[in-house]
Amino acid sequence: MKFTLSWLKDHLDTDEPLEKLADKLTMIGLEVEHIADKSKTFAPFTIARVVSAVQHPNADRLRVCMVDTGETSDKGDPSYIQVVCGAPNAREGLISVFAPPGTHIPGKNITLGVGTIRGVESRGMLCSAAELEISDDHDGIIELPADAPVGAGYAEWAGLGDPVIEINLTPNRQDCTGVHGIARDLSAADMGRFKDPTIKPVTGEFPCPVKVTVEDASLCPGFALRMVRGVKNGPSPEWLQKRLTSIGLRPINALVDITNFMTYDRARPLHVFDAKKVHGDLTIRRARDGETLKALDGRIYTLDPNVCVIADDKGVESLAGIMGGEETGCDETTTDVLIESALWSEINIAQTGRRLGINSDARYRFERGVDPAFMVPGLEMATRLVMELCGGSPSENVVAGQALPEDRVIDFPLSEIKRLAAIDVPLVEVRRILGHLGFMVAGSGPVVKVAIPTWRTDVQGKADLVEEIVRIVGVDKVPMTPFDRGEAPRKPVLTSIQSRTRKARRALAARGMVEAVNWSFISRTQAELFGGGSSELALANPIASDLSDMRPSLLPGLVAIAQANADRGFADVALFEVGQIFRGDGPQDQFMAAAGLRRGIASSAGLGRHWSGSATANALDAKADAFAVLAAAGAPAAALQIATSHESKNFPAWLHPGRSAAIQIGPHNVLGYFGELHPRVLDELKAEGPLLGFEVILDRIPEAKQKPTRAKPVLELPAFQPVSRDFAFIVDRTVKAADIVRAAQNVDRKLVSGVTVFDIYEGKGIDADKKSVAIAVRLQPRDRTFTDQEIEAVAGKIVAEVAKRTGGSLRG
């Protein structure tokens with residue numbers, strides 16, 4: 001909503017400065033978004049007279065002008081300024097607008113300087129209206145009347161120094177879509193005296209010859225009409241044109257400008273028909289299928305029964321409450337007019353506007369609701385303006401429907417102010433505030449009766465009245481009161497899955513990976529490659545064709561990001577994402593997952609090249625990433641099992657079957673997968689490989705058993721030096737190293753403090769179907785140093801246990 005300061009003062013008698021008015025508007029809920037003060041922009045521009053204009057010696061289309069800007073020399077003689085001008089209307093005696101060097105020209109976004117044009121010095125500029133951004137006219141420089149005072153400031157003389165205020169209205173404040181309503185609120189906030197003159201009815205001189213029929217009162221609760229004969233339409237007066245141009249509206253003619261003025265001044269949209277172009281009487285009805293209307297915007301709209309229209313005997317003439325028709329529009333030949341003031345269904349106006357794609361000032365106000373009691377007074381006010389500006393004789397009013405709404409009264413306990421806002425406002429102040437806002441307060445006890453004005457349809461209850469009082473008193477007066485916390489929460493603030501999500505992010509970031517955040521939607525092709533693509537996961541209205549399905553995995557998005565980086569020269573990436581994936585349309589099919597992707601030399605040992613050599617990422621890096629997530633999320637490390645593609649059920653097809661594995665607890669609870677992505681999948685995704693990745697389902701990690709809280713035991717540092725023994729076992733190639741480690745650990749958990757794999761060998765000296773796995777076993781004595789016999793005994797048990805569980809034998 002835009003308006004000028006002078007326009008506001010038409011309704012508010014105030015001497016308050018602009019800054020204070022703007023601050024108060026924001027404080028009372030009418031947020032000021034922008035103030036355009038053209039007086040500062042136009043300050044350097046002055047009125048000047050062209051004393052002489054001669055042909056430029058070196059250019060056919062330029063003239064050298066001597067300009068009188070009102071300045072004088074030390075002797076009191078006029079001091080003329082030389083300006084080179086290319087405007088076709090530059091001539092001797094012309095009064096125009098002059099800009100001296102150093103002036104910023106808004107229409108060209110340049111700052112003037114003293115220049116030389118084709119060998120002739122120019123010390124300023126004569127300006128066109130387009131260069132000042134006051135109109136689109138750029139055919140010549142501005143021509144001012146002969147009596148314009150030379151040397152005076154142009155903005156002040158032309159009335160362009162009026163600041164334009166733009167406020168952001170909330171949808172409930174339809175009463176402030178007019179300057180009149182804004183002034184009312186400011187008067188309640190002690191910013192001045194509200195001007196609310198009585199609108200006197202205009203006496204009709206003859207019956208209105210056009211009758212009105214409302215077929216559906218739910219679409220049109222009220223409709224008022226009046227004819228004015230013998231009008232003379234033409235340009236509107238200067239004051240009205242300035243009002244409209246100041247807020248960005250283009251003056252058209254007096255009749256149309258009056259309706260636009262009423263829309264912004266009193267929040268009362270109107271429409272004016274050329275009465276001679278209307279055939280018969282008017283009917284407010286639903287449009288019929290296939291009916292069309294060429295509206296005032298020049299577009300042809302095809303209508304249906306959901307659209308409310310104003311029709312005559314010939315057909316549709318107007319889209320009710322939104323836009324009039326071109327055929328019955330007013331022009332300079334119009335002599336008889338029909339002025340319409342009506343009430344429309346807010347819901348129907350909004351639906352019709354959206355369906356037809358029309359955003360008009362009338363729609364903006366009608367879909368929020370207008371003052372029903374101002375329907376007829378608005379018609380009277382518009383009639384008087386038409387008669388003052390265009391002349392003519394008015395008819396009597398024709399009113400159809402119920403124009404006046406029922407009275408609304410609220411029983412308002414004054415204690416509600418203290419209860420809801422924690423401030424004390426005396427009854428005298430309550431009466432003053434509500435009275436200035438248009439409410440009527442009756443009674444003097446603890447409970448008063450408040451009559452709601454017709455223009456405040458948003459006020460429905462006691463809390464709304466408290467809000468009205470508080471916003472005028474000042475929201476800054478409401479004390480800060482903390483909520484009563486009661487007992488401290490006993491349960492953790494974060495849920496288990498929230499805690500796991502946070503820990504997973506930290507663990508992967510600590511491993512040098514960079515977090516990515518992708519859409520939860522991917523293309524159908526990507527979804528099918530990663531086990532999705534079912535119809536129940538397809539979006540009914542996707543925002544793009546490549547975002548059509550809910551993602552079954554986080555990896556497609558990471559692959560796309562990795563390839564995008566590679567295309568820009570950053571091939572070595574280490575990425576991760578933590579987010580939701582979807583395996584079905586039920587709540588039980590939605591999981592929180594953590595996934596990561598490595599490429600090139602972005603291994604877990606570090607990203608980028610190094611003087612000591614750089615190994616490329618492999619499946620073991622992806623495994624380490626997955627295990628880091630599981631450890632951070634609290635997965636039981638001793639229970640984790642690695643299963644190959646042949647051992648795990650439903651192994652995903654997007655992984656390389658020989659270079660990947662599943663992580664599970666038992667045969668049925670698969671926590672995730674790691675390894676190299678299948679080359680076929682990468683080809684489908686147009687991504688360069690190899691890519692190593694993992695995905696862990698955080699929801700499937702079993703909850704740790706709750707144990708009674710107890711103090712940690714005293715730290716016992718071993719008094720004796722540990723002993724390390726190395727073993728190399730020959731086993732089948734299908735045997736997992738983890739099985740050998742587990743077998744060694746199970747020999748004696750009190751003595752065996754650690755088992756690690758330090759070598760795996762396949763090749764010369766080893767059968768083709770065998771491999772050598774070397775482990776280091778750490779033995780920690782507790783109460784005394786081991787003897788050689790005791791160490792050999794434990795070593796024998798380790799060899800026997802490994803042979804029993806894996807069929808392996810010591811390498812000779």
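Cβ atoms here come from the backbone N, Cα and C positions, even for glycine.
Copied over from Swiss-Prot, here are the features:
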type	residues	note
DOMAIN	39-155	domain 'tRNA-binding'
DOMAIN	405-480	domain 'B5'
BINDING	D458, D464, E467, E468	Mg(2+) binding site
DOMAIN	718-811	domain 'FDX-ACB'
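DSSP assigns E467 (Mg(2+) binding site) to a helix in the three-state reduction. For the domain 'B5' (405-480), the DSSP-based tally of helix, strand and coil residues reads 32 helix, 13 strand, 31 coil. Residue density at D458 (Mg(2+) binding site): 17 other Cβ atoms are found within 10 A of its Cβ, drawing on all protein chains shown.
Taking H, G and I as helix, E and B as strand and the rest as coil, DSSP gives the domain 'FDX-ACB' (718-811) the counts 28 helix, 32 strand, 34 coil. Counting every protein chain shown, 17 other Cβ atoms lie within 10 Å of the Cβ of E467 (Mg(2+) binding site). Counting Cβ atoms from all protein chains shown, E468 (Mg(2+) binding site) has 23 others lying within 10 Å of its own Cβ. Over the domain 'B5' (405-480) the predicted model carries a mean pLDDT of 93. Same-chain residues with CB within 8 A of the center of the D458, D464, E467, E468 CB atoms, the Mg(2+) site residues themselves not counted, are N172, R456, V459, A463, L465, V466. Counted with DSSP, the domain 'tRNA-binding' (39-155) comes out as 5 helix, 46 strand, 66 coil. A simple way to gauge crowding: the CB of D464 (Mg(2+) binding site) has 16 other CB atoms within 10 angstroms, across all the protein chains here.
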